[in-house]
Every structure is written in C-alpha cells, then in structure tokens.
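Feature annotations, courtesy of TrEMBL:
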type	residues	note
COMPBIAS	24-33	compositional bias 'Low complexity'
REGION	24-84	region 'Disordered'
COMPBIAS	53-62	compositional bias 'Basic and acidic residues'
DOMAIN	385-541	domain 'SAM-dependent MTase RsmB/NOP-type'
BINDING	D393, D421, D439	S-adenosyl-L-methionine binding site
ACT_SITE	C480	active site, nucleophile
Amino acid sequence: MEGGALALPQFSSRVGSPILLSARMSSGASGRSRVSKVNPGAYPRSAGRGRTWKRDSPEAPPRRSGITRVPNRSPEMPTERAGRTKISNVNLEVSHHRAVAAVRLLRIEKGKAFVDLLNEKGNSSGENEMSYVGRTLGFSTRCLDNRDIRLVTVIVAGTVRWKRYLDYLIMSLCSEEKVFREMEPLLLQILRIGFFEILKLNVPAYAAVDENVRLAKVALRPGAGNLVNAILRKLLLLKEANSLPLPKVEGDDRAQARALSIIYSHPVWMVRRWIRFLGKEEALKLMNWNNSDPHFSIRVNTANGYTRADLIDRLESLQVHYEKSTMDEFVRIQEDRPASWTTERRHVLWCLWSIRNLGKQSLIVVLHLVAKLCSWQPVYQDKSDSGKIWALDINKGRLRILMEAAKLHNLDAMISDIHADLRLYAKETTAKFDKVLLDAPCSGLGVLSKRADLRWNRQFEDLEELMLVKPGGILIYSTCSIDPEENEHRITAFVQRHPDFVPQSVHGYVPAEFVTDEGFYSSSPTKHSIDGAFAARLVRSVL
C-alpha cells in the first residue's frame, strides 16, 4: 500500500501494548491573471514563459496542420503583484469548478497536492481550494458546494489519470512539438480539462469550449482563449469524424508497448513490465481497471450494536444503490460519495457506519484484511482496551484527516499522531513497538484506479530503517503493489539481511483465497475485484 496513515484508526492491541499503526516514508501553481498583478513568488519563473519551461514529449505524433504558435502575452499585462497578498477580485463569470480544477492540477504537477485529498477536508474543503485560486490566478470565483467539490474531484482525477492520452492528442493538434513543449502550465491544464470533458465526460460541446475559453481569457489573456477555442473546436471535428490521431498497436514489442501506453495512459515502463510478467491480455485488463471510476465502501458500526443488515435496510429506505462486499462488515456504494449526498442521508447513516473509503471499495477491505495479520481487535468493538496507537506519516494532511475521523468516533484518546519521515524517526528515536504495520513505499501498482497520480511519480525506497519492532514483536510489511520485486523479492532480501525476522504464514488471519503458496497475503484487481495488495507477517526473534 502507498505509505500513509489509515483513513480511520481502527485497531488496537489485545494486550494493551504500544503499536505503531502506520508509517510513511518520503519519496524522492502556477498561472497568470489579467485582472490582478501577479506575485512572481507565487510560482517559479521557469514555469511561466515558454522559452524557459520545457516538457517531455508523451510521444512524438505525426506532424499535422493546426495551431502553430502560442499567442504572445498582452503588453499591458503586469508581471508583479507589488507585494499584494490579499485577493479582493471576484469574477462570477468564470466557471468556478474549472478554475479550481486547473489550479489544483497545477499544484499536483508541482508535487504540492494529492489527487485524493480534495474531498477529505470536511467543511473547509471549498474554502481551501478557493484560496489557492485567489493566490494563483489573482481573482476568486463563487464558493464551492458539495456538488462542485464532487465535480472538481472527477475532473482532477480523470485528467491526471488520462494525462498521457490527453497530452498526445493536444500535441497532435499543435502541428509543431515546440508549441506543446513551450506551452504555459496553466494553459496546458485548461486544455487538458477541455479535452477530458469532451472525450471522457461527454460534456456538451458548447459548454466545454465556451467555459474553458473564458477561463483562459480571464486567467491568462485573450490570445490564450483564442488558442483554446481553436484547438478544442478542431478536437470536436476529429471526434465527430471518429478520426482521433491515436497510434496504432503494431510493430515489435517495444513499439506496441509505446502505443498502448498512450491509448491506456500508463507509463511505457509499466506497460512493458506488466506484459512481461502478466501477459498482454491480463495487462490490458489491469489497465482498464486502473482507468475505471472509483467507488467507496462503508463499514457497519458494530460498536453501536448495528449489523450489516441494519445498514442495508437504511440504505434501501434512502434509495442508495449498493452491493454487498466480500467482507461481512462492508457494503459497496454504487453512486456519488457522501460529500455530494443530502444532509438527511448523511445524518441518518452516520450512526450506522464507522469507516468511509474515498477510493474503490477494496482499499478499506484490503486494510481490514492486512490489519488482521497483526491480531488486533477493532477499536470500535472494544473501546475500553488500554492499548495505544501511534500513527506516523510524513504528510500533515493525512494525519489531520486521521485525527478528525478518530475524534468523530471518540477514539482520539488512544491515538497519537507523529508527523515525521520514518527514515529519520527510526534513527533518532529509542522507542520500540510490539506491533508495527508498515504501509511501505512502493509503485502503488495495485491502486492506480484511485490514486491516479501514482503512476507518474513513484520511486523505490530502501527498508533498512524498520528496526522499530521489539524482540518478539510483529512486523507487517504491506504494499499496494502487485509487483513481485516490490513484494516477495524484497521480503526475501530483507530476511537475508536481518535473520532475526522470521516470516510467518498469514493462513488463519485472512480468507484462504488471499493466501499465497509462500504464506503471504496477496489480492489482485482482476482476480478478486478489489485493489491489488501484498502483505507479509514477520516475527522478530527474542534472542
């Protein structure tokens, strides 16, 4: 699993001993406005004018007639904000959810935001996003309601997920690769949004074109709006003629992998690796899964005496579409997330559920299964337990979400959060824990459907810092990956370096269908219809 604290603290030790619930290691906004001066410190100078900002080509397509240059900036456009820090301009004509989406995409590309945190900030989510719009674009728009937040999330996640596919088409319509490479970041994000809306959301053509053109004109300049208008209208003609300039899957294995990486919007190395390990047919199924729309699951709150049958009865009375999960305590919701539900729905159901998963149903099911390997009791089943949980994460936002959720369920007394890099924390602390559940850094190859950004920015890390486990204690090594080199091979190498850790079979802790021949936990998206993940149970010897 990709490193991070659990969405809700849910397990405590049976013996009341200290637990490090989850640990996270580190891995290795720009824009212009014509209605307000721009603070040069708001974004690096290299992210502005095309002459100094370069972009890797997704794949050089055949040269085509079309747009040949990026419009010049308006000469009257100011280049500094002269020390202004408060944004007072309000523009009610610009599409507010598109403005928020464009700015968030800028922040994601710069590594300052995550795709999956937008809906997890509670009532302040809309205000937080609008503040970024003001600081980046120099003006603000209408506030976001719950429906707007849902729409922004769909656009952002989808645009990131299909980035390679969208960029290839955008570059194809620019006739010259240089135009794409030197395009301003904000202009590119607006085009990506327009392409995604037209090709994947089937937004009416007039809305996709007019609203994105208006955003480009206000946030940048009139010439930028003209460019967006020309490219989007050409895209519409190609779509209507069913002649999008996509590559053909032909040639040798390398050429076919390059074409598939564009069509399914995955990195070339990932496509080639999956084809080699899984075969082409299984690799295509996996990429389709990754590109599917994520759903979420809820877990019945057994601490309040409810059963899944009670939850299902309430869901049916509220006309919420659902299906039963593979786990008895869970129900998969087949419609929008709770953020877009009516107040009545959320209020009535709140007492019944205890966990909300903002991705596919499978992640929280996977976490539930993996945590069982530690022999922990669910916190909400025994709140009198004297155990203590420490949740460590390098991301403050995830820790905040964790603690807010814990407080809502009256569990914050037994949870302590630690904001730190695990690698540094392990070297500096003298603390030892009876049980450690490590959400290890990995490529996240099993959860790309909900974490669209992972496919573009994953790196491998070493695991030599995992000596926080007491003698006789338990280490659960878990990943959101289906790659053997990140899972079985890494465990083998770790045990060879640290013979005091002995692998122990997970049989008896999870259903047999998830137990491998080697005694590890493993789930597959295409086999089990839940996120791909791996976990190993290691016991540290006393001597």
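Here the Cβ of each residue, glycine as well, is placed from N, Cα and C on the backbone.
Feature map: TrEMBL annotations on the structure.
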residue: D393; record: S-adenosyl-L-methionine binding site; CB count, 10 Å: 27
residue: D421; record: S-adenosyl-L-methionine binding site; CB count, 10 Å: 16
residue: D439; record: S-adenosyl-L-methionine binding site; CB count, 10 Å: 26
residue: C480; record: active site, nucleophile; CB count, 10 Å: 29
Cα-Cα distance, maximum over D393, D421, D439, record's S-adenosyl-L-methionine binders, Å: 13
Rounded Cα-Cα span from C480 (active site, nucleophile) to D421 (S-adenosyl-L-methionine binding site), Å: 19
Distance, the residue listed as 'active site, nucleophile' to D439 (S-adenosyl-L-methionine binding site) (CA atoms, angstrom): 8
Rounded to the nearest Å - Cα separation of C480 (active site, nucleophile) and D393 (S-adenosyl-L-methionine binding site): 16
PLDDT averaged over the residues of the domain 'SAM-dependent MTase RsmB/NOP-type' (385-541): 80
